[in-house]
Amino acid sequence: MKKMSRNVLLQMEEEEDDDDGDIVLENLGQTIVPDLGSLESQHDFRTPEFEEFNGKPDSLFFNDGQRRIDFVLVYEDESRKETNKKGTNEKQRRKRQAYESNLICHGLQLEATRSVLDDKLVFVKVHAPWEVLCTYAEIMHIKLPLKPNDLKNRSSAFGTLNWFTKVLSVDESIIKPEQEFFTAPFEKNRMNDFYIVDRDAFFNPATRSRIVYFILSRVKYQVINNVSKFGINRLVNSGIYKAAFPLHDCKFRRQSEDPSCPNERYLLYREWAHPRSIYKKQPLDLIRKYYGEKIGIYFAWLGYYTQMLLLAAVVGVACFLYGYLNQDNCTWSKEVCHPDIGGKIIMCPQCDRLCPFWKLNITCESSKKLCIFDSFGTLVFAVFMGVWVTLFLEFWKRRQAELEYEWDTVELQQEEQARPEYEARCTHVVINEITQEEERIPFTAWGKCIRITLCASAVFFWILLIIASVIGIIVYRLSVFIVFSAKLPKNINGTDPIQKYLTPQTATSITASIISFIIIMILNTIYEKVAIMITNFELPRTQTDYENSLTMKMFLFQFVNYYSSCFYIAFFKGKFVGYPGDPVYWLGKYRNEECDPGGCLLELTTQLTIIMGGKAIWNNIQEVLLPWIMNLIGRFHRVSGSEKITPRWEQDYHLQPMGKLGLFYEYLEMIIQFGFVTLFVASFPLAPLLALVNNILEIRVDAWKLTTQFRRLVPEKAQDIGAWQPIMQGIAILAVVTNAMIIAFTSDMIPRLVYYWSFSVPPYGDHTSYTMEGYINNTLSIFKVADFKNKSKGNPYSDLGNHTTCRYRDFRYPPGHPQEYKHNIYYWHVIAAKLAFIIVMEHVIYSVKFFISYAIPDVSKRTKSKIQREKYLTQKLLHENHLKDMTKNMGVIAERMIEAVDNNLRPKSE
């Protein structure tokens, strides 16, 4: 799970917290005192209670055993630091104390404890009492239980296969199903309407941590030039606090001895993250309960994507086996390898001067491999994948709608608050057109226009830099091909082991793919920082807006970075090369690359294999080894105190912090993989299989990291997968075009079909029946050696003997023809067939896609009914409760009125 270092995030802070400013103290009335003078002289200053560790390592409570720890703040005691440069420590202490004082003023309760292993560290435990939870639950529009849900779930559709699905499902005796409730946004004045059996259990730990984090993110601690500074994120980034996190509930390897601990972390590790559970379904409800909806929806999506990949992988393997089993029947490959056909065809040099003439049969092995991938099965698989991706997206929408209902996120958009970073910049006052009330915004319409323009320009500039790197790879390919052509063994018979498997084209393709992969990894590191800086400057209002904006920028960068080399090989290489007598030069110096006689499809397959495989290996190294090694190093440094009993908060502190963007990079990794699986699948039918194996491991690796290597994430709400959904839809539409063009222009399928149906028989051919015999000879044009220009004339070798002509891959008239070296009739037939194929394939697949999209509703009828039923019952329940309250109140009022009337009518005593 990739993350950015604290130093990187520090550099991206737009304002430093080292500036002098007024320390801010707040009371419950939100009064801000800007001029406090010396903090030590303030009687209003409040500090957390210091308590010694009580020796209970699994405790999740304050020392009193009653107040639950909802969040932990960690700082290094300034009085015990070794250095104090220019009063920096004193400034940090003042800000921290002001911040903690304001937390107490907001109703939070704090308790401080020194570290057991390092007495410089102080852990501040934060508890939110009932009144604070209720107040902010209403502010945040958090949905809470009204009454148990009495709607019955539909029985399983698998019927007799229940025994099989039961094996794959989570054991309900271990992870008990959560009770479902009707819910509504919490309101304090309707507290009696809610299902409050136990106040301590009404707000679950994830909700408590979410509320506390909301408060921590908005409490002020300093004012500089009338601009407030607030929030725990800024304090952590500036080093005032070393960490801030909610607690895991127990150790992951064994259950807690504390009877009040739910042991959810242990259950997640045992039934989800452990390798022995790799075949089981994910406990999504428990994941959502422990980590929040945002983490839950990611694993739900990844699991569903992986399930759908199973079908694609099966069909892909079938198409691969079809090509593999039929490669011995590949007539054109036999002609390439035949000593009397391919062994006697002299091919023209593919570069100037240094490149030799060569015999066609040295490409025998590559032609055999090409038969596996360039077969009829490839066409079938490309059409299938065009339909598969639509089915996946449509069925995922339905599954997502079910999760929205089950997890109470149907109307989540009403809950989201502005980001603290946005609120801190709101200095301009405008009139809201809807409410006609004053509101603060960070910049005017003109300022917003300038920011958007600058951000768009920056994105465009960096995309151009990526394209420049791709051009550099192309220049490398053009240059190194000449070197390999001159240096590799020149055994023209193709029997030397090196020459047999390592042709100049193959060597160039492999080395260029490896270098391209290395450059991609380097550029990724740079572009991550750039995209975050641009998005921070753009200043989106909500966290969803921020993530969606960053998502689009990162995807644009990654799209160009990962796919540009594949697009070059698929659609540009070998397409604009001219012919030996008049070659086309790149940048006026480098002669354009040519494809093998069988086309560039095998090279595209090689590129995809190296990038997909290398990316998977590199990501696993980053995701598994790095956190494990960092934690191992941390344990090694703490070995001196290993015999001491350490509390839960200190154990969690020594875990790795999650990156600021959470699972953003996990989504990005999977979407890039989704692009490889769909955009170029016509050249590599095994891509879904590789993706399937990777994702099965990815789910468990991510689960293992979250439960064992990382601190607990702050639970967050999420309704869907955000901007990734339209990105996948865009990829799905583009994939139809790319696969149609790969089959038409990159593979040799269309020229073979044209030859088989038109040019193998009269009037163009000499055969009496449709056949592929003679295809190679028909697709290689003749060039007269004497027509070479001095610049491009090849380097002949004595092994070839005397020859006056050579062959090259194109459809042109031979020398001596009235239209010598012009495109012949075969060329125009092939072009017409390619264009017709693209039009037909696109229209057929798009028609099927649109029909499927129309036929499959985004929300199932049953889910719609359940949502409407719950809304109806919720409104009915609230209405009934409201009537009861009204009746009760009216009864009280009526009694008082009757009593007043009686008092007025009663005769006064004389």
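Cβ coordinates are placed from backbone N, Cα and C, and glycine is handled just like the others.
Look at Swiss-Prot and you will find Glu623, Glu666, Glu669 tagged as Ca(2+) binding site, backed by similarity to another entry.
Swiss-Prot lists Cys330-Cys371 (among others) with the feature disulfide bond. Cβ neighbour count for Cys371 (disulfide bond): 23 (other Cβ atoms within 10 Å of its Cβ, all protein chains included).
According to Swiss-Prot, the feature disulfide bond maps to Cys337-Cys364 (among others). For Cys364 (disulfide bond), the number of other Cβ atoms no farther than 10 Å from its own Cβ, over all displayed protein chains, is 20.
Under the heading disulfide bond, Swiss-Prot lists Cys348-Cys806 (among others), citing similarity to another entry as support. A 10 Å cutoff on Cβ-Cβ distances gives Cys348 (disulfide bond) a total of 25 other Cβ atoms nearby, all chains included.
For Cys351-Cys355 (among others), the entry in Swiss-Prot reads disulfide bond, with the evidence type similarity to another entry.
The disulfide bond annotation in Swiss-Prot covers Cys595-Cys600 (among others). The Cβ of Cys600 (disulfide bond) lies under 8 Å from the Cβ of Ile569, Ala570, Lys573, Gly574, Thr746, each on the same chain and at least six residues away in sequence. In the three-state DSSP scheme, Cys600 (disulfide bond) falls into the coil class.
Taken from Swiss-Prot, the feature N-linked glycosylation site covers Asn329 (among others). The Cβ of Asn329 (N-linked glycosylation site) has 10 neighbouring Cβ atoms from other residues within 10 Å, across all protein chains displayed. For the recorded site, Asn329 (N-linked glycosylation site), the DSSP three-state label reads helix.
Among the features that Swiss-Prot reports, N-linked glycosylation site is placed at Asn361 (among others). There are 24 other CB atoms within 10 A of the CB of Asn361 (N-linked glycosylation site), with all protein chains counted.
The annotation N-linked glycosylation site is assigned in Swiss-Prot to Asn493 (among others) on the grounds of experimental evidence.
Annotated N-linked glycosylation site per Swiss-Prot: Asn777 (among others), in sequence order. Under 8 Å, Cβ to Cβ, and six or more positions away along its own chain, Asn777 (N-linked glycosylation site) finds Glu335, Ile341, Ile345.
Taken from Swiss-Prot, the feature N-linked glycosylation site covers Asn790 (among others).
Residues or ranges marked as N-linked glycosylation site by Swiss-Prot on the basis of sequence analysis: Asn802 (among others). For Asn802 (N-linked glycosylation site), no same-chain residue lying six or more positions away in sequence has a CB closer than 8 A to its CB.
Each residue in the topological domain 'Cytoplasmic' (1-300) has a pLDDT score, and their mean in this model is 78. According to Swiss-Prot, the feature topological domain 'Cytoplasmic' maps to 1-300 (among others).
Per Swiss-Prot, the feature topological domain 'Extracellular' maps to 322-375 (among others).
Taken from Swiss-Prot, the feature topological domain 'Cytoplasmic' covers 397-455 (among others), and the record attributes it to a curator's inference. For the topological domain 'Cytoplasmic' (397-455), the DSSP-based tally of helix, strand and coil residues reads 29 helix, 9 strand, 21 coil.
Residues or ranges marked as topological domain 'Extracellular' in Swiss-Prot (evidence: a curator's inference): 477-509 (among others).
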Handout entry: Spatially closest candidate among Asn329, Glu623, Glu669, Cys806, the listed recorded positions, to Cys595 (disulfide bond) (Cα to Cα)
Key = Cys806
Exercise for the section: Name the secondary structure element type, per DSSP in three states, that contains Cys806 (disulfide bond). Expected result: strand
Fill in the blank from the handout: In three-state DSSP terms, Cys595 (disulfide bond) is classed as coil
Practice task
Mind giving me a neighbour count for Cys806 (disulfide bond)? Other Cβ atoms within 10 Å of its Cβ, every protein chain shown.
Solution key: 23
Problem - In the chain carrying Cys337 (disulfide bond), residues 6 or more apart in sequence that have Cβ under 8 angstroms from it - result: Asn361, Cys364, Ser367, Lys368
Completion exercise
Long-range Cβ contacts under 8 Å made by the topological domain 'Cytoplasmic' (531-551), restricted to residues 6 or more beyond its ends, are 4, 12, 14, 416-419, 421-422, 425, 442-443, 451-452, 454-455, 458-459, 557, 661, 664, 667-668, 716, 722-724, 727
Fill in the blank from the handout: Taking only the CA atoms, the spacing between Cys351 (disulfide bond) and Glu623 (Ca(2+) binding site), expressed in whole angstrom, is 44
Fill in the blank from the handout: Spacing of the two Cα atoms, Glu669 (Ca(2+) binding site) and Cys371 (disulfide bond), in whole angstrom, works out to 31
Handout entry: Cα separation, Cys355 (disulfide bond) to Cys330 (disulfide bond) (Å, whole number)
Key = 29
Completion exercise
Expressed in Å to no decimal places, the gap between the Cα atoms of Cys806 (disulfide bond) and Glu623 (Ca(2+) binding site) is 53
Handout entry: Neighbour-count leader, CB within 10 A, disulfide-bonded residues: Cys330, Cys351, Cys355, Cys595
Key = Cys351
